[in-house]
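Chemist: TrEMBL lists these features:
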type	residues	note
ACT_SITE	LYS151	active site, charge relay system
ACT_SITE	SER230	active site, charge relay system
ACT_SITE	SER254	active site, acyl-ester intermediate
COMPBIAS	7-19	compositional bias 'Polar residues'
DOMAIN	96-562	domain 'Amidase'
REGION	1-22	region 'Disordered'
Amino acid sequence: MKRPDCPSSSHLSSTTPNAGRTWEEIVADKQRTDAAKIPPEWVLPPAVVAGAEARRSLVGAFIEGLLDAETCRITDMDVPDLVGLMESGAFTAVQVTTAFCRRAAVVHQLTRNMLEIGFNNALKRAAELDDYFRAHNKLIGPLHGIPFTLKDQFHIKGLETCMAFVGWIGTFEGNKGTGKEREFESEIIKEFHRLGAIPIGKASCSPETSNNILGYLWSPHNQQLSSGGSSGGEAVMQALKGSAFGVGTDIGGSVSMPASFNGVFSLKPSSGRISMKDVANTGPGQQIMPTVAGIMGRSVTTLRLVLKSLLSTEPWLQDPYVVPLPWRELEDCCPGKGLAKSKPTFGFMENDGIVIPHPPVQRALGLVKRALQEAGYETIDWGPPSNLESLQIHGHIARGDGCPDVWRALQLSGEPEVPQISGLFEPDGPRDPMSLPEYQDVVVHMRDYRNRYQEYWMSTAGLTKTGRPVDVFISPVTATAGLLPEKFFHAEYTNSTNVLDFPTVVIPVTFVDKDIDVGDPNFKPITETDAINMAAYDASAYHGAPAAVQVVGRRLSEEKVLAMAELVVEALSLCKAKGHGPSSVG
């Protein structure tokens, strides 16, 4: 089944020359330059690429059939295993990096998801790490030789950062002649360098991961559906194992939703745990509800290792916006020896009273709830202050300035607005910004909302058998298991966690089954948005898409949320072993 054509933006604007070149010419030059960075022996035949476009799914046997056995063996391993094998001398950093670069090259050719390719610099760094290992007989750090990719917002020496804006190509954040082009680095990149991790490239981005440079990015599990956004390029890279872990950014589900749609694990932390210093961003002056850097990978174990490693660099010494909070071990709730030593309680939000999730998401929630109950954990219904409030708060804060910087970035090249962002603007420019008093009223509302949510959370101590408040709650990531292009109607399951500044972990649970996840003929919508959302559900169209849940904790409780997520994965695995668990656990 051929994936749909990319949604068109040609009706929105005409091309405008930029330094004597149209935006189309700038894009064509970039595409040629990037294609030349792939070694000839890794280039796929055109017939293979065309055949991939006609497939429903790219995961598993299909992509591995395009790779040699050694590349598959290395890239199928998770981060802790790779580190252990490099520490034992069984693998070198060059071996591991070569394997992931080759797989990433194949992923890019199949999906068009890399905005920057950095294979040459990555292999040079890998050789340096091998020299270090031979000289010192030890790893340089806990992520020694681990190849990773990032959303194209992070500055890396030797690579450009365009954030999917054509006008940023060949510049530093849209400005020419700064001396920072290809020389500047984000703080988190410096931290990863000290830890031994190796960046091999940067992934596509923007809402629904649709832009004028690479086009529309589809989910590799079901190429009728979107990869999600705006960190969809990174989620696709993880789904197809093109790097060992990935880093995206999130201000309203931009890490969590793509992770859910592409069947990978993710951590969206509270603001202040991971450095965002010197990271390109839209609306950088908005610090009431800041964008955060999030981690994607194949397991909760990898998310835990990457966060713990980053915190070991003491990032608060370089970035004043990072909370000076070292990694905390939580022995009483760590899994691995008969589940947790103490029995935590899980809240369950099956819907938020605005939009009921599609049948596969409901099934995923039910599987998780049953698994936890069978493992002996208490679950209670979760009924906090309404997401209707977070909907209002989030929209005003995230877009209260009218998004003039996005508009200016588009004007640099004259590129058209893609449909996914056209609603941000008036026909001839940015919307008018909110007045300062109006904006301050929204901030007061957010503060009140957070206070009432905290009061509700603490009040659950009166509902649990332990007499303690709920430890974490579990909810949908979105109301859909996938996303039909331009058919996204409700983001509050994730937006609310940004308004509240709560950390979340996404756990893939199962996959849409058109024979099981049929629509309810007696469905009665609870809101107008609910009716629109459910009307868009088609079990056949969504078949094969991942269905996930998110584990949500209180602010700055990343260690606990990760530990609780590990308990969920362990409970699902035990349930599956009994023969009545999910068809696949992430």
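From the backbone N, Cα and C atoms, a Cβ is placed for every residue, glycine too.
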Chemist: Sorry to bug you, but what's the C-alpha spacing from LYS151 (active site, charge relay system) to the residue listed as 'active site, acyl-ester intermediate', rounded to the closest Å?
Modeler: 11
Chemist: Measuring Cα to Cα, how many Å separate LYS151 (active site, charge relay system) from SER230 (active site, charge relay system)?
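Modeler: With the alpha carbons as reference points, the distance is 9 Å.
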Chemist: Just to be sure I understand the packing, how many Cβ atoms besides its own are within 10 Å of the Cβ of LYS151 (active site, charge relay system)?
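Modeler: Taking all protein chains shown, LYS151 (active site, charge relay system) has 34 Cβ neighbours within 10 Å.
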Chemist: The domain 'Amidase' (96-562): mean pLDDT?
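Modeler: 97, rounded to a whole number.
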Chemist: So for the residue listed as 'active site, acyl-ester intermediate', how many other CB atoms are inside 10 Å of its CB?
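Modeler: Excluding its own Cβ, the residue listed as 'active site, acyl-ester intermediate' sees 30 Cβ atoms within 10 Å.
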